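Written below as C-alpha cells is the structure these notes are about.
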Amino acid sequence: MASTTDIKTYKFNHSMIRVKDPKESVKFYSFLGMSLIKKLEFPEAKFDLYFLGYDSPKAVSGGNNLWDREGLIELTHNYGTESNPDYKINNGNVEPYRGFGHTCISVDNIQAACQRIEDAGYKFQKKLTDGRMRHIAFALDPDGYWVEIIGQKPLEETENVKETNVETYRMNHTMIRVKDPEKSLKFYQEVLGMSLFRKHESQAGGFTLYFLGYPGEKGVPAEGQSTADREGLLELTWNHGTEKDENFSYHDGNKEPQGFGHICITVDNLEAACARLESLNVNWKKRLTDGRMKNVAFVLDPDGYWVEIVQNERLAGKANF
C-alpha cells in the first residue's frame with residue numbers, strides 16, 4: 001500500500017450503540033429493512049458485535065464489503081445484559097446524560113412507513129401528528145434509542161399512499177449534540193475531511209443543525225439540495241449558548257450510564273491516516289500501538305465523543321478481523 005492517505009476515500013462507516021438484548025434489537029432494525037451484514041464474536045472478551053445496514057440491490061452500499069460502506073449501525077452486546085433486570089441503556093436524550101441524540105432513516109412514503117411501524121407494535125417518541133413539525137417522526141427501538149423517520153419525498157406527495165418499500169430506505173444520519181460548533185466543524189472538516197452539506201438554523205428554537213459527510217463519487221450537494229437520499233451523514237446539533245458556559249459538557253455515552261459508543265471512519269491506509277492525525281495533534285483515546293487490538297484506533301472529537309479509525313478492507317486487500 002502507499003504510504004500516504006487520501007481523505008477523499010474516507011467513509012463514515014458506522015455508528016455504535018450498546019444494546020441489552022441483541023435478538024430484540026436485530027429484529028427491530030431488520031423490520032426497518034436492514035440486513036445483518038456481519039456478526040463478530042469475541043467470547044474471550046464477553047461481547048459480540050452486530051453490523052446492520054441496507055443491502056438490497058436498491059441500497060447505496062448494497063453488496064459492498066463491510067468496511068467499504070456508509071450508514072451502518074453496530075450493535076454491541078455485552079454478555080449477560082439480556083438477563084439482568086437492572087441493566088438499562090442511556091439513550092442520550094435524558095438529563096443529565098444528554099449527548100448522542102438519534103439515528104435517522106429516510107423512507108419512500110413517510111405516512112405509510114410510520115403506520116407500518118405502529119401496526120407492528122413499536123412505540124413512538126413523536127408521531128407525525130404530534131407537535132408542530134409534521135414532517136418528521138421518532139420511533140423507539142427496544143432500548144429506547146430514538147430513530148428519526150424522514151421522507152425522501154414531500155409530505156403532501158405521499159399523504160394518500162398506503163404502501164412502503166423498505167428496499168428504498170436509507171440509514172441517513174446520526175445526530176450528536178456539540179457544545180461549540182466552530183470547534184466541531186473544524187475537527188470534522190479539517191481533521192477528518194468531511195464536507196458540510198447542509199445547515200439549518202432555527203432562531204426561534206435556539207438551535208442550529210449542521211449536516212456533514214464524505215462527498216464520495218456524487219460530489220457535494222449544492223446548498224439547499226435535499227440530502228434525504230444519502231446515507232452516512234453526521235448531524236451536529238448546536239443549542240445556542242452552550243459554547244459560552246465553561247462548565248457545560250455533553251455525555252459521551254462511554255461513561256456510566258453507557259449507551260452510544262462511537263462513530264467509525266474507514267480509511268484507505270490505516271497507518272498513514274493515523275500518522276496524519278498525529279501530525280494534526282489530535283487527542284487520542286487509543287493509538288494503534290495501544291492495547292491488544294492493533295488494527296483500530298480511536299480519536300476524541302472536541303466534545304470527547306469517540307471516533308474509531310479502521311482500515312477499508314477493499315483498499316487493503318486483507319481482512320481486519
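In case you wondered, yes, glycine gets a Cβ from its N, Cα and C as well.
Bear in mind that TrEMBL entries carry predicted annotations, made automatically and left uncurated.
According to TrEMBL, the protein has these features:
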ACT_SITE  Glu308  active site, proton donor/acceptor
BINDING   Glu235, His262, Glu308  Zn(2+) binding site
DOMAIN    11-152  domain 'VOC'
DOMAIN    170-312  domain 'VOC'
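Projection of TrEMBL feature records onto the structure.
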residue : record                             : Cβ within 10 Å
Glu235  : Zn(2+) binding site                : 24
His262  : Zn(2+) binding site                : 24
Glu308  : active site, proton donor/acceptor : 20
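When the alpha carbons of Glu235 (Zn(2+) binding site) and the residue listed as 'active site, proton donor/acceptor' are compared, the span between them is 17 angstrom. Mean pLDDT, taken over the domain 'VOC' (11-152), works out to 97 on the 0 to 100 scale. Taken through DSSP, the domain 'VOC' (170-312) splits into 27 helix, 55 strand, 61 coil. Comparing Glu308 (active site, proton donor/acceptor) with His262 (Zn(2+) binding site), their Cα atoms are 7 Å apart once rounded.
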